[in-house]
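Engineer: Right, I'll just put the structure down here and ask away after.
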Amino acid sequence: MTDVTVKSLAEEIQTSVDRLVQQFADAGIKKTETDFVSQKEKEALLAHLNREQGGSAGKPDKLTLQRKTRSTLNVSGTDGKSKPVAVEVRKKRTYVNRDAVEQAKAEEQAKREAEEQARREAEEKAQREAEAAAKKLVEEQAKREAEEKAKREAAEKAKRQAAESEKVTNQHTEHKQKPAQTDKTIQSEKARREAEAADLKRKAEEEMRRKVEEEAKRVAEEARRMAEENQDKWSSDSDSIDSDDYHVTTSRHARAAEDENDAKVEGDRRARGRSGKATRQKKNNKHSESKADREEARAVGRTKGKQRKTSTLQQSFNKPVAAVNRDVVIGETITVAELANKMAVKGSQVIKAMMKMGAMATINQVIDQETAQLVAEEMGHKVILRRENELEEALMSDRDTGEAVAEPRAPVVTIMGHVDHGKTSLLDYIRSTKVASGEAGGITQHIGAYHVETDSGMITFLDTPGHAAFTSMRARGAKATDIVVLVVAADDGVMPQTIEAIQHAKAASVPVVVAVNKIDKPEADPDRVKSELSQHGVQPEEWGGETQFINVSAKAGIGIDELLDAILLQAEVLELKAVRSGMASGVVIESFLDKGRGPVATVLVQEGTLNKGDIVLCGFEYGRVRAMRDELGREVFSAGPSIPVEILGLSNVPAAGDEATVVRDEKKAREVALYRQGKFREVKLARQQKSKLENMFANMEEGEVSELNIVLKSDVQGSCEAIREALEQLSTDEVKVKIIGSGVGGITETDATLAAASNAIILGFNVRADASARRVVENESLDLRYYSVIYSLIDEVKQAMSGMLAPEYKQQIMGLAEVRDVFKSPKFGAIAGCMVTEGTIKRNNPIRVLRDNVVIYEGELESLRRFKDDVNEVRNGMECGIGVKNYNDVRVGDMIEVFEIIEVKRSIA
């Protein structure tokens, strides 16, 4: 190993140079900062440091290492969105010195053996002492009895000797006479005394044996009592030994639960063991069979007396025998995987259930709430439908609506009618301005919102387009209005858009005031207008109805005051009121993207007061009102009910018809707007997927359908919606209009790139392309078209679609010839001699051979001759010879029909 300097070594081990030099000095090695350090010197320094830290005293018994690993995991939630979740994996590993552990176990074992030996010695000593005491007691008793017996025998002997001596003295003569009889008496007396002594000895031995047995019983009783008193201590020691064998977890609570489970299992085994069912139990539980045997075999060695302790480990899991019905909470949309997770079943089962119900889905497909409810109920679960707009409801409830005192407000009047019937001109005269001249083509293409002051009060007018493409804009105007003024030209009568306006007014339950315009024209016929409108449910007051009819002339100014009076009279009948104080709410009439000001929305305030600086939640968009302007472009700072204003400051262009609401918290408004965007997208995708799957067989033929891709940009949101709807209605079975992208504002480079990628044409309605977009258009040779009138746009799209239609081919009969005779030719076979009866017979045209007006062959001419000369055509009334290619069965009387196929150009109706 290469030697290193002291300085580099200090940097390597992350310590100061001075400290390292001092440690070398303490180890007996003198070093400076620039000196080299060899491997031996490093080992010497390490040994010195180990000695200082007590490393030589012995190795540590236990070493614990911890490691943390951090990562990020994307987890999908209940709303279907992926959220990054930080995951930290903590690993802990403990290394144990086996020598120390074995030594500790050996010491513990020796200690337990010593205690057991001491206990046994104590029992043996107590037993020996009891036996010695009993033996000593028996010996003393026997000694006392022997002494007493000896005294009694001595006294009796003395007494007998005295009696005998007296008897001997008195009967000396008799003894002398009978010596043989005296010897016999002495022997019998001696035998009697020996028998009495043996009997006394036997009785003493029996007494001693009885006392020894009683003492042994007493000692055994004391030993049993001692064992009962120390049983808890000894069993706890034994359990601590056994716990190392069958505890497989380190948690205290888990060990307690495991002990309870084992005790329960042991109780069941003892109850079943007597009936001989333990074997079947062991076979039924495959998980515990081998381990239970090992535990029982291990427990045999610990058996004491008649007590047995077995500890078995088995995982008691029983398969559910009945279906589990769950409460499934379903939001507005849910994926198939989430639905399966809530029902605790596999995703494949949910897909099978949906296929049985006639719906096809994939595991990650988003389905709507209704479909999910049907599937869950079909599978036997209880469904709880959840509304996921709690945040939105909380935000809407936290609004200051003031004291809720309703005050009279100005009526909102919508002017409807057929195109060119004079709606805008009538409004111009009322406002004394010239708005109609500013509209392209003289037709209204936006919703104009104006409020005018009259002598009788203020009136807010909404001018809607009359063109058929602006149906949604007229419907939107009817929803936001109080009174509809239906303008009908006296010289034109009721037209399709007039009927449509009546339907919108009836659907919105809005009263109608009919203004019969162009009354100054000579061909005007007001009675005809009344008659035609009465056929559609609009009855004039003169005929017993409820609708006011006012004859007006927008150019001459006839009947304008009467019309305003009729409007105000109708407003008085309606008793229109609104709350002026508090937070405002209204509806978006129109919206567009201004290049200098950003998103601009025309809002009609319906309740409250809209102030500059308020936070507005408008459909999918939100923002703070940075500026407000009236219809004349003047800046205003507040707007009350029935006042239309343009507001600036929204995050994007809102959709026309969205409800605009003032809220308190901008942060919550942003959350609600984002939630609405996501939910709208999910619901839209769910519906699209559902329609695609339901029309699966129809979609198989889509590859044969031509598509006209369009990128559409408009100046305002309402016009964009109207054009989009009109273009989509142009689609046919053969050519479909596909709107690749649409929006409000100028044509940008992004739009041009999108059109290039999708092979689409770019349509601009009252907008222009910027420089970068024009550059992309030139480089990619894209089709870019500008329009200012909707008629021209729709007509040109129709022409483009007509060019994409498959051509239609038509057969046109050129001539007819009758076969008069048949000749044989070695070169062409059968030659038909014919007379041309109609038209002209031309060479190389397809022909048909007819027999009895039935086509029997279709082919082409091979030879056409007149007087043995080849000719190109034969006119009517002339004879010729015709050779049919690959056909020789020509007969007299057949008709030969010559035709040609012409292409017919198709167009979109």
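Using N, Cα and C of the backbone, Cβ positions are placed for all residues, glycine too.
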Engineer: Name the residue range among 387-390, 463-466, 595-598 that Swiss-Prot annotates as region 'G3'.
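Structural biologist: Matching range for region 'G3': 463-466.
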Engineer: For the region 'G4' entry in Swiss-Prot, name the matching range from 517-520, 681-684, 741-744.
Structural biologist: 517-520
Engineer: For the region 'G2' entry in Swiss-Prot, name the matching range from 437-441, 442-446, 777-781, 837-841.
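Structural biologist: Feature region 'G2' in Swiss-Prot: residues 442-446.
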Engineer: Given 417-424, 537-544, which one carries Swiss-Prot's region 'G1' label?
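Structural biologist: Within the set 417-424, 537-544, Swiss-Prot attaches region 'G1' to 417-424.
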Engineer: On the three-state reduction of DSSP, what should I expect for D420 (GTP binding site)?
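Structural biologist: Once the DSSP labels are grouped into three classes, D420 (GTP binding site) ends up as coil.
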Engineer: Given the model, what does the mean pLDDT over the region 'G3' (463-466) come out as?
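Structural biologist: Here the predicted model's pLDDT, averaged over the region 'G3' (463-466), is 60.
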